[in-house]
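This report concerns only the one structure given below.
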Amino acid sequence: WPACESGNELLPEPIGVDDYSSESDVIIIPSALDFVSQDEMLTPLGRLDKYAASENIFNRQMVARSLLDTLKAVSEDERDCIAVLERISRLAEDSEPTVRTELMEQVPQIAIFCQENRPSIPYAFSKYLLPIVVRYLVRKTSQAALLVLLEQDLIERCDVETKVCPVLVDLTAPDSNDDVKTEAMAIICKMAPMVGKDITERLFLPRFCEMCCDCRMFHVRKVCAANFGDICSVVGREATEELLLPRFFQLCSDNVWGVRKACAECFMTVSSATSQEIRRTKLSALFINLISDPSRWVRQAAFQSLGQFISTFASPTSSGQYFKDGNELQDFLSYSSDPGPTSRISEESNPDYCEKGILCTKEEHHQQETEVKEVNQPYSSNETLPTLSSDCVPSCYRSKVAASDSIPDQELYNSFHYWRTPIPQIDLDLELLSQEATEDTQKSFQNPISTENMSSISRARRKELEEMIENLEPHVDDPDVKAQVDVLTAALRATAIDSHLKSSSHKHRDDLIEHKRETACRDQFTAEQVPLITNTADTEDVIPQVLLDQYLSMTDPSRAQTVDTEIAKHCAYSLPGVALALGRQNWHCLKDTYETLASDMQWKVRRTLAFSIHELAVILGDQLTAADLVPIFNGFLKDLDEVRIGVLKHLYDFLKLLHEEMRREYLCQLQEFLITDNSRNWRFRAELAEQLILLLELYSGKDVYEYLRPLAFSLCTDRISSVRWISYKLISEIIRKLATDSTLAINFLIELVEKFCHCPKWSGRQAFAFICQSVIEDDCITMDLFAEYMLPPLLQLVFDPVPNVRILLAKTLQQSLLDKDYFLHSANSHQESLEQTLVALQMDHDKDVKYFASFHPASTRIADDAMSTASSTY
């Protein structure tokens, strides 16, 4: 109720002498109902005006809360709706901040209502509500309302560009208040993904670049650093490399550790928006600086992002795999039969990425066509044959090559034909080779200046690293300094390796290319015959060696002391991404690290691996999985419940990758999942029932009957009803699986009737009725088999003493059995018994049984039955 005001607006009039009765001396006080009736006599708009003009703050707050209800009450009258919106505008100018806050919280709901129910007033939001939001954008409540409105797509694009964005840009002006500038920049970064690339580039990007260099307030720079990856994802690769990367380099070397930490946290997103060359040459060195940062918090964030950053180096040519439909990892060799797959690795943030991905844009089509023509032309003996990456060939050219029946001998080893069988084991930079295809190779060979320049740069880099190490050595007793020395030493070693690679002769490179091509043609590289790469130079072509060395060092116990106590968990979390980047041919680089993590003392580390072992199995293939992952998988099966649940949740996903013989070995171990450390952990058993339903397709009917049948019956008698209802679904699916073998099916149905229909507990008999209903509706077996073995015992439940059993029997007959034409046919011998049972249920003494036997509620089905009876089964 509205609060009483100081002006006695709602208080009764003062009591005078006339209010006394001379005979009874009783005071007559007006009832509070009199004042209620006065409000009820007012229209919704009148009541709104009355309390909006009140001097009491609580009354005005109540008005703000009830605006949506008022709008709903007058929604039939367009003029009244406009009048309410005008009152909202006046209420937004209230002098009390709490009233304005209450109003701002209601704006998104009011806007949604106007959009859905008042299409005749299309300008309602733009004219009345949006100006209120824009006026108070410095307030967090208004910012939250703006984001909700953008998410719901309630603001027109022209309004965003002309009314919202200019205000935000003005709030981030150099002369603006520092706190306001920080808040405005935060809202700009959150808005960028919603408004899209065009508006972000034209209106937000210049100011964002300016704020990245704000020297007054590090809070602004920290906000920019924290959201840098999102901005890069929105504007795309070109703008990122030209405009944003220089700012990112500045932020990574900021004198405030919080800014550098924010850069480390978003490093993966920034890397995904750049090309492979930038990622390899510039971002890798920048990330090494963050790993060796003086601040422990920055190093901690960098190591947490290290595996994610390495995963951005993944490409179909190096890993031999790609993502289909955004989430399904498939071997790259099946690409020829699947035109136009989508690689998630490089296209997540930049759909136009094609350097080592699979898709090509229209703009690149002409350039690729030129490259294809050049490749198809004959080369002289002293020219290097370029290798055109298969993933950069447009699909139209692939189809032409596929359509050709014969290939001339001189064109047999043309690199254009290698799209059919990618050669991921080639240890040369495919980008460099593609670039050489469009240049005069002889001229580059005759010009030694570039090589000398590269050597001088490498020497300068090594000299700089040696000086840094020499300066830090006196303080090596400090664990933090020792960690920096280790990082710099690894970087120095990687520089030496890189210098050695660049000094190799071109003739050696040509011989190596030819050798790799002949090997690929002869062996026809398959996913199951993976050659192991033992030279560090080969992994250097996939990811920089210094990054891999730092990642492998995350399992070092000293890292837990100098960096982060949970660094091993972060290493385990990102290991599948690193494995995908390296490819299965380089799995030996990660094998020891994976085994170390699998035996880690912290159960959280092992739990992380258990949840992702099925993904790693997809990456490695069945041979490596059987050799290296199966022993670790077996160890997880005997681990703590916190670890076993990770294996259990993806049990089907892992077992389907194994060969049939190895898969059958786990049939005997499935029963071990029934034993848990805590008997109250019923969700563990519920997950087991869910997985068993999926596992049915992996095993034969005989194996299902011998091994999975006992598990299903055991779960059906669980103490928790939720486990039992899932298990009943498992029983019906087992019946479907065994339907192809009549002997097994009949034996199973007989056992089912004995265990459930004749069960001494009423919950077992109720379960039998539910299973029958599920079998009928899902068509698990033929109606002849059902009528012979399940229908007679089902109809016997009409005499069950428990009403709940008879209720479910009535539902099964009315909602499932009578819908089948098999039982409606007049010649069917079971029709008479069905009608007699139904009549008996309709005359039952329990009113609920009568109801479900007499009517056919359309809304009640198996799921409703399960929920309505689950609470009453025990």
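Just so it is clear, glycine is given a Cβ too, placed from its N, Cα and C backbone atoms.
The shown structure was predicted, so the numbers you read here are calculated from the model rather than taken from an experiment.
For 413-447, the entry in TrEMBL reads domain 'Putative WW-binding'.
Packing against the repeat 'HEAT' (164-203) from elsewhere in the chain are residues 130, 134, 137-138, 140, 143, 146-147, 150-151, 155, 157, 210-211, 214, 216-217, 219-220, 223-224, 226-227, 230-231, 233-236, 239: each is 6 or more residues past its ends and has a CB under 8 Å from a CB in it. The repeat 'HEAT' annotation in TrEMBL covers 164-203 (among others).
As annotated by TrEMBL, repeat 'HEAT' applies to 244-282 (among others). Per-class residue totals from DSSP over the repeat 'HEAT' (244-282), listed helix then strand then coil: 31 helix, 0 strand, 8 coil.
Taken through DSSP, the repeat 'HEAT' (164-203) splits into 33 helix, 0 strand, 7 coil. Averaged across the domain 'Putative WW-binding' (413-447), pLDDT in this predicted model comes to 43.
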